[in-house]
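Read the structure below first, then the notes.
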Amino acid sequence: MACRLISSRIVPSSNRLSKRFIFIFTLSLSFTYLCYSIIFCCGTIMPNQSYEETRCLHHKNVGRKKLLQKDCSFPVNTRTIGEDSLNVAVVNQGSNHRNQSKHVPLPIAHKRSIASSEHNLTVAQKFGNKKLPNALIVGVKKGGTRAVLEFIRIHPDVRALGTEPHFFDRNYDRGLNWYRGLMPRTLDSQITLEKTPSYFVTQEAPRRIASMSPNTKLIVVVRNPVTRAISDYTQTLSKKPDIPTFEDLAFQNRSQGLVDTSWNAIRIGMYILHLENWLQYFRLSQIHFVSGERLITDPAGELGRIQDFLGLKRIITDKHFYFNRTKGFPCLKKPESSSQPRCLGKSKGRTHVQIDREVIDQLRDFYRPFNIKFYEMVGQDFRWD
Ligand SMILES: Nc1ncnc2c1ncn2[C@@H]1O[C@H](COP(=O)(O)OS(=O)(=O)O)[C@@H](OP(=O)(O)O)[C@H]1O
């Protein structure tokens, strides 16, 4: 009887104790989970490597308005990369979307390359070092430089800066350590790459790059200089709608066919003149020329040659691309790690301003001798005439 009394008193109190214990245990578990989520949330919500790089640049360059203005101008809910994003929203518009971007089972080799790319990325972030670039996409503006950067960076042995650092033109005074600090972490086996299209027409750029390393590999994406000039003008017009007409800017005297070579949009397309400056510091074999036109019609072919030039295994092939009819350009197939296929953003592939046929012919005549010298120098006919 006494025993039963004791046990009836003890049991409820031990029940209460264990309930209290469970309550405290659950509370501390929830608290630990909350702390964990706060500390590590960045790792889980960060959409991709490029976005991370953009963020890094923000933190490192607080107060450096010029770079920030470019980098911050995109909404964070799209997959933005640097100035010109891989903007999924663009791809998703239009009736063809479902057919074109539907998930096609990826070939095993492609899956493997993605897995290995992700693996290398994680390892590089943990164990890699920030290094000065061994390769640069130096130009040309509106040639297709963003497409080349975004396509080549899916290679597991390439790590690229998503933004344009403009080190060898605007930011040279900041010094090489500043420049190195912007770079993504890379393993010894990986190539560090950045793109700034204005380098190609910057007088001091070749000398400065050669003094960083005379072995730097250079990539130049060239495009029909007339189309390039119109593309350049279209971009400026989209930002400053009050500028004079293309014709007014392109000619000193149109009836005499006198082209205004002081206008940047014209000057950039005189490729041979700029190339001669580069050849004072680099051998021709150190420079690889990509056809901006073929980059659109045959991205895999151009990427194959770029991989060869960079000494990389040919991993990026036609299996990585599909043609998006809404966008009118090749895009990257949906990678396993992402929920969307990837096309370049709205600023890539704009509808050009309509220019008179006569003006185009005049400019084509103007560029012809420069083009011919350029073809002879690089040993390739780009067929712009
Ligand atoms: N795959 C793909 N998707 C979209 N756009 C592509 C692609 N490949 C090449 N291009 C062409 O790239 C042109 C823009 O060139 P850049 O990236 O060098 O421009 S920039 O100098 O960085 O502003 C851009 O020029 P515009 O068509 O005049 O806008 C495109 O024609």
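Residue numbering: from 1, along the chain as shown.
Just so it is clear, glycine is given a Cβ too, placed from its N, Cα and C backbone atoms.
When the candidates Cys72, Cys331 are compared with TrEMBL, only one is recorded as disulfide-bonded to Cys343, and it is Cys331. With a CB cut-off of under 6 A applied against ligand 1, the recorded positions Lys142, Arg146, Ser231, Gly349, Thr351 are reduced to Lys142, Arg146, Ser231, Gly349. For the pair Lys142 (active site, for sulfotransferase activity) and Cys343 (disulfide bond), the C-alpha distance works out to 16 angstrom. DSSP gives Cys331 (disulfide bond) a strand state. Rounded to the nearest whole angstrom, the C-alpha distance between Arg146 (3'-phosphoadenylyl sulfate binding site) and Cys343 (disulfide bond) is 11. Cys331 (disulfide bond) and Gly349 (3'-phosphoadenylyl sulfate binding site) have their C-alpha atoms 12 Å apart, to the nearest angstrom.
Here the binding-site residues are Gly144, Gly349, and the one whose Cβ sees the fewest other Cβ atoms within 10 Å is Gly349.
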